[in-house]
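**Q** Quick one: the structure is below, and I'll ask about it shortly.
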Amino acid sequence: MEVAYGLVSYTLAKLFLLSGLSKKDNAQRSKKMEEKALDVYDVIRTIRDPEKPNTLEDLEVVSESCVEVQEIGAEEYLIIIKFTPTVPHCSLATLIGLCLQVKLQRCLPYKHKLEIYISEGTHSTEEDINKQINDKERVAAAMENPNLREIVEQCVIEPDD
């Protein structure tokens, strides 16, 4: 009976130990994802609005809370951005999404998959725009247009400090 009690006691002790390690690993992973999300936000916050001299951060089009990062593999991440146009009929929402795509593709040093969306209920044609800005072929075609490329370049250029 003592042996059985000892085995049960040992098994429970191991289980509690592993449970604690798992919680610690999850906390570390969560902290790492939060740090990655802040890094992503630092990249996109300085993008300029196509019409105004303000940044997307100034206009509250993007915020820290609009960025989510998930680990999908060893050093590979899914980055989800939900931005909020300034008005529900914003004609430049697609261009803003394109700017987000271009700047993140250029600036992130690790392997990633991007999903960029308009925040639900904040634009009259959000479904159509979400499809456009997440379609790699459409993004590539848009960047082949010299006029559009020039506008994007002006929006994503880093500000002089």
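Using N, Cα and C of the backbone, Cβ positions are placed for all residues, glycine too.
Nobody curates TrEMBL annotations by hand; they come from automatic prediction.
According to TrEMBL, the feature domain 'MIP18 family-like' maps to 39-104.
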**Q** Let's see if you can do this one: DSSP helix, strand and coil counts over the domain 'MIP18 family-like' (39-104), in that order.
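**A** Breakdown, helix to coil: 21 helix, 17 strand, 28 coil.
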**Q** Would you report the average pLDDT that the model assigns to the domain 'MIP18 family-like' (39-104)?
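**A** The answer is 94, the mean pLDDT of the model over that range.
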